[in-house]
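J.: The structure under discussion is supplied below as structure tokens; questions concerning it will follow.
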Amino acid sequence: MMRFVPLFLACISLPAFQATEFTKCEVSHAIEDMDGYQGISLLEWTCVLFHTSGYDSQAIVKNNGSTEYGLFQISNRNWCKSSEFPESENICDISCDKFLDDELADDIVCAKKIVAIKGIDYWKAHKPMCSEKLEQWRCEKPGAPALVVPALNSETPVP
């Protein structure tokens, strides 16, 4: 019995699970500093992320020979590095696996690069689903719990 005590203590000290699917309000709060970046509203971003990943930070989608990762569905063809697509341009200079956690700061930095280079229509859901009638994407819960995002704002330079 005594040899199981350390294992038991280790298990209860770890979180039971890591959340990967978030609510509209959690995502909206976590990315609120993106509001207005390159003229894109928070409501547009909230809508795009719903239609892109379903607010799932661990979403992985195979698409035309490449793979898209995380909440923003960032492609390994151009933006991040993965072993399955070694010829990637890796414009964001990051491993694609970094987009599969709940730490969104690196996802946001890369998303800002994508928007600066390609525009919001890089995310195919934007034009048909997120360019008008956006009130449904408003979050009415003040103080919704934030995902792990260090202080960023729309003025944060994109490296």
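Just so it is clear, glycine is given a Cβ too, placed from its N, Cα and C backbone atoms.
Here Swiss-Prot flags Lys98, Asp101, Asp106, Asp107 as Ca(2+) binding site, drawing on similarity to another entry. Among the features that Swiss-Prot reports, disulfide bond is placed at Cys25-Cys139, Cys47-Cys130, Cys80-Cys96, Cys92-Cys110, with the record citing sequence analysis. Sequence annotations record features per position, and here Swiss-Prot assigns domain 'C-type lysozyme' to 20-142. Annotation source Swiss-Prot lists N-linked glycosylation site at Asn64, citing experimental evidence.
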J.: Could you state the whole-number distance in Å separating the C-alpha atoms of Asp101 (Ca(2+) binding site) and Cys139 (disulfide bond)?
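T.: Counting only the Cα atoms, the answer is 23 Å.
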J.: Within 8 Å of the Cβ centroid of the Ca(2+) site residues Lys98, Asp101, Asp106, Asp107, which other residues of the same chain have their Cβ?
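T.: Along the chain, the qualifying residues are Gly70, Ile94, Phe99, Leu100, Glu103, Leu104, Ala105, Cys110.
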J.: List the recorded positions among Cys25, Cys47, Asn64, Cys80 whose C-alpha is within 10 Å of the C-alpha of Lys98 (Ca(2+) binding site), in sequence order, or say none.
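T.: Of everything listed, what lies within 10 Å of Lys98 (Ca(2+) binding site) (Cα to Cα) is Cys80.
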J.: If you count, for each of the disulfide-bonded residues Cys25, Cys47, Cys80, Cys92, Cys110, the other Cβ atoms lying within 10 Å of its Cβ, which residue has the minimum?
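T.: Looking at the disulfide-bonded residues Cys25, Cys47, Cys80, Cys92, Cys110, the Cβ with the fewest others within 10 Å is that of Cys25.
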J.: Under 8 Å Cβ-Cβ from Asp107 (Ca(2+) binding site), six or more apart in the same chain: what's there?
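T.: Expected: Gly70, Leu71, Phe72, Ile74, Lys98, Phe99.
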J.: Within 10 angstroms of the C-beta of Asp101 (Ca(2+) binding site), what count of other C-beta atoms is obtained when all protein chains are considered?
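T.: Here the count is 17.
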J.: Taking the Cβ of Asp106 (Ca(2+) binding site) as the reference point, list residues of the same chain whose Cβ is under 8 angstroms away and which are at least six residues distant in sequence.
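T.: In sequence order, the residues whose Cβ lies under 8 Å from that of Asp106 (Ca(2+) binding site) (at least 6 apart) are Cys92, Ile94, Lys98, Phe99.
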J.: Count the Cβ atoms, other than its own, that fall within 10 Å of the Cβ of Cys139 (disulfide bond), considering every protein chain shown.
T.: 17
J.: Measuring Cα to Cα, how many angstrom lie between Cys96 (disulfide bond) and Asn64 (N-linked glycosylation site)?
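T.: Each residue's Cα considered, Cys96 (disulfide bond) and Asn64 (N-linked glycosylation site) end up 17 Å apart.
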J.: Compare the C-alpha of Asn64 (N-linked glycosylation site) with the C-alpha of each of the disulfide-bonded residues Cys80, Cys110, Cys130, Cys139, and give the closest one.
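T.: Sorting the disulfide-bonded residues by distance from Asn64 (N-linked glycosylation site), the top entry is Cys80.
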J.: Report, as a single number, how many Cβ atoms besides its own are within 10 Å of the Cβ of Lys98 (Ca(2+) binding site).
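T.: The answer is 18 other Cβ atoms.
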J.: State the mean pLDDT for the domain 'C-type lysozyme' (20-142).
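T.: Averaged over the domain 'C-type lysozyme' (20-142), the predicted model reaches a pLDDT of 94.
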